[in-house]
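Report on the following structure.
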Amino acid sequence: MDTRPIGFLDSGVGGLTVVCELIRQLPHEKIVYIGDSARAPYGPRPKKQIKEYTWELVNFLLTQNVKMIVFACNTATAVAWEEVKAALDIPVLGVVLPGASAAIKSTTKGQVGVIGTPMTVASDIYRKKIQLLAPSVQVRSLACPKFVPIVESNEMCSSIAKKIVYDSLSPLVGKIDTLVLGCTHYPLLRPIIQNVMGPSVKLIDSGAECVRDISVLLNYFDINGNYHQKAVEHRFFTTANPEIFQEIASIWLKQKINVEHVTL
């Protein structure tokens with residue numbers, strides 16, 4: 001038994017989509033979450049800067065005595081995950097491979113779309129992972145740089161959001177049967193995305209898919225939390241306005257949480 005928390009990092013609130021699934025599947029595990037909303041989005045930033053910011057988030061989580069770190073951010077996974085994983089002596093998990101694997105299982109026509117930040121799409125990481133496992137699958141990647149700002153400003157239900165999503169996704173409509181939401185912010189726009197793509201297109205939430213891998217690693221390293229613990233205390237930190245973070249989190253997690261401000 002290991003009652004230390006699992007650490008989650010993201011460029012903002014998007015990683016809460018992963019946390020929500022973890023709380024559902026593994027309610028006995030403690031969580032420490034850090035969202036760097038003050039510097040979001042990461043996607044348009046240079047690689048060197050993304051790596052620097054990611055290490056700051058990692059080092060913060062290490063001060064919280066975490067037993068595992070989850071990169072609940074596709075951009076950080078694409079740029080810094082391998083380096084951080086090699087440097088630390090605790091398990092470090094990214095969201096890309098679980099999402100890629102789920103897309104392969106989902107597609108019936110071998111036509112997969114991937115949407116993400118400019119950096120995630122430019123890295124070509126999803127296409128590489130998908131075609132490594134299933135060379136015959138065709139992958140169409142599309143950067144959607146306007147999606148993260150919509151979520152971070154809590155405008156997911158606005159008419160502006162609907163127009164931006166419609167305009168952004170039009171190149172993929174009618175061309176794929178599976179769409180990977182290659183940014184953990186994007187599930188917060190899921191209803192609009194599904195409406196634009198149509199009911200026949202299966203949406204893959206890369207963040208939610210990685211919770212299965214978290215469970216596997218907890219078992220493999222024998223670091224599961226206390227299954228009998230009913231009241232688990234989670235901690236949430238943001239580099240921006242805690243009230244906005246709390247408002248979005250309460251909608252997604254369906255519970256009120258305390259959010260602390262931190263300066264990195």
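Every residue gets a Cβ built from N, Cα and C, even glycine.
The model shown is predicted, which means the values in this text are computed figures rather than measured ones.
Per Swiss-Prot, active site, proton donor/acceptor is recorded for C73 (among others). Following the DSSP three-state reduction, the secondary structure of C73 (active site, proton donor/acceptor) is coil. Sequence-distant neighbours of C73 (active site, proton donor/acceptor) (same chain, 6+ apart, CB under 8 A from its CB) are L9, D10, S11, G14, G15, Y42, T54, V95, C183, T184.
Summarising the annotation, Swiss-Prot assigns active site, proton donor/acceptor to C183 (among others) and lists sequence analysis as the type of evidence. For C183 (active site, proton donor/acceptor), the count of additional Cβ atoms within 10 Å of its Cβ stands at 33 [all protein chains shown].
The secondary structure of H185 (substrate binding site), as reduced to three states from DSSP, is coil rather than helix or strand. Look at Swiss-Prot and you will find D10, S11, Y42, G43, N74, T75, T184, H185 tagged as substrate binding site.
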Hey, for the substrate site built from D10, S11, Y42, G43, N74, T75, T184, H185, who else sits with CB inside 8 A of the CB center? G12, G14, G15, A40, P41, C73, A76, T117, T120, V148, C183
Secondary-structure category, per DSSP, in which Y42 (substrate binding site) falls: coil
Within 10 A of the CB of G43 (substrate binding site), the number of other CB atoms across every chain shown is 25
